[in-house]
Amino acid sequence: METKEGNGGFEEYFDWRGQKADPKKHGGMKAASLACVVEVLENMVFLSNATNFVAYFTETMHYTISEAANMVTNFIGTSFLLTIFGGYIGDSFFTRFRTFVVFCVIELLGIILLTVQAHDTRLQPALQEKPSSSQAAVLFSGLYAIAIGVGGIKATLPAHGADQSDHSKQRSISSFFNWFFFSLCIGGLLSSTIMIWIEENRGWNWSFKISVAVLGVALCIFIAGFPIYRFKRPGGSPITRIFKVFASASRNRKVSSGLALINDEVEERSHKKFRFLDKALFDDTISGVQVKETRTFLGLLPIFASTIMMNCCLAQLQTFSVEQGSIMNRKLNNFQIPTQSLTVFPLMVMLASIPIFEHVARSFKNKNHSIFDPLKRIGLGLALASASMAVAATVEFKRREAAENGNTLSVFWLGWQYLLLGVSDMLTLEGMLEFFYSESPDSMKSICTALSWCSTSMGYFLSSLLVSIINSITGRLGHEWLGGHNLNHNRLDLFYTMLCILNFLNMLNYIYWARKY
């Protein structure tokens, strides 16, 4: 069993009867693999809907391109931001198993609501009209019920799966996260092929109905593992302890002392940072371990903040890149390629690379190879994000130029930005998950790992903010870069160029903090 700092000893697992878990009967590879299977199905549902929401909002609900793009980025951003809330519930009140079930049901209800709206024309706006207040209320109720559900699922499913792994072997935990990411990619591949084809050829009614069925199956599979799972009792949220440390340090800020935080058991790399937190130790209810974990958490934040801009670039694949592809030549012989299916190529690369990485990691498990350093993988991912935006700007310039001459560029030109951003996402997200999990205190593994999802959330919100700011500024100058329904009249190429420059500056900022860490 693993120890948990701040909770006074060993934190035991228990079985479904509430008794101490038997390692021979509960947990293990079989139980952990169920989490991976569920992730395939859940991520397929989430990504297939999120990817095509722009088209649904513009074609069926009659929002403008920029409005639809912001709605999608806000939806995805909210979904990942709510992982903090889901993690808080799972750590403080419910087991992770129960939290997953509750939030999965909420997501299921949201999809059912959108299914009803897609089927009933009375809940849709008339041709060339915006949605009424009641129609918009149905849309946003379903949309954000899904977001709440996704937030809880993303927070609890990987942690629940890791709980089933052998915690006496770090390699077992690392291997689980690698295969969990592999399952995430499988779900993405299914959403980019089967689900996208259904949406393009059979309509939204079928897509939403299949989503309801698939998520229902995922919930049943997860619940079926109940007898073989092992569980952890809720032990209090690290967020609560962090706030207590800050409150105590604030109350005692005027107290002068030479008090130092001493802890011989845990080596502290950044013991000279955030010394003001030591003031909290004058409060008898605050322990040195709580101050130390707060200090460690603060030390991770610059790395977290430096990855947000990359996720802002990633947001473009779900928004403007989809709109680009919809007006490009998508024919391959007699087959019309859905734009969203361009993600298949980077997903195939990622799916092939994960087993290779696992094999190489096992081969060199007793050697120190810096190429596997998560900070270096994150840095490479940020560099690829800048390159992808440079490529995207060039392709969009060529596309507009061809459109002005009455020609249509092949949709395959978008493949390069999909490939570069896809590999960038793999390197950055995998690197973040490993880095935050490895560097965090034992009692803060869940909350620190959730920073990876929060970075994605902040990136999508930043994308929405930048679109609004750019439209506001350029509108005053005479022509909005991203306004209206026609991309041929917009300046998406200049927006991509700006993202390239901002991400390059952000990469330099990341290098500074990574080297300092």
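Counting begins at 1 with the first residue displayed.
Glycine is no exception: its Cβ is also placed from the backbone N, Cα and C atoms.
According to TrEMBL, the features are:
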type	residues	note
TRANSMEM	71-90	transmembrane segment
TRANSMEM	97-116	transmembrane segment
TRANSMEM	136-155	transmembrane segment
TRANSMEM	176-198	transmembrane segment
TRANSMEM	210-229	transmembrane segment
TRANSMEM	297-317	transmembrane segment
TRANSMEM	337-357	transmembrane segment
TRANSMEM	378-395	transmembrane segment
TRANSMEM	415-438	transmembrane segment
TRANSMEM	450-474	transmembrane segment
TRANSMEM	494-513	transmembrane segment
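The largest share of C-beta pairs under 8 angstroms with the transmembrane segment (71-90) comes from 136-155, of the ranges 136-155, 210-229, 297-317, 415-438, 450-474. For the transmembrane segment (176-198), the most Cβ-contacting stretch among 97-116, 136-155, 378-395, 415-438, 494-513 is 415-438 (pairs under 8 Å). With a cut-off of 8 Å on Cβ pairs spaced 6 or more residues apart, the transmembrane segment (450-474) and the transmembrane segment (378-395) reach fewer than 3 such pairs and are scored as not touching. Between the transmembrane segment (210-229) and the listed ranges 97-116, 136-155, 415-438, 494-513, the one holding the most Cβ pairs under 8 Å is 97-116. Only sequence-distant pairs (6 or more apart) were considered; of these, fewer than three Cβ pairs between the transmembrane segment (337-357) and the transmembrane segment (97-116) are under 8 A, so the stretches are not in contact. At the 8 Å Cβ threshold, with sequence separation of at least 6, the transmembrane segment (494-513) lacks contact with the transmembrane segment (97-116), having fewer than 3 such pairs. Away from its own ends, the transmembrane segment (415-438) comes close to residues 173-174, 177-178, 181, 185, 300, 303-304, 307, 310-311, 313-314, 316-317, 321, 342-343, 345-347, 349-350, 353, 374-378, 380-382, 384-385, 387-389, 391-392, 395, 445, 448-449, 451-452, 455-456 of its chain (Cβ-Cβ under 8 Å, at least six residues beyond either end). Same-chain neighbours of the transmembrane segment (97-116): 42, 45, 49, 86, 89-90, 123, 138-139, 141-153, 155-157, 160, 205, 208-209, 211-212, 215-216, 218-219, 222-223, 226, 229, 231, counting only residues six or more beyond its ends whose CB sits under 8 Å from a CB of the stretch.
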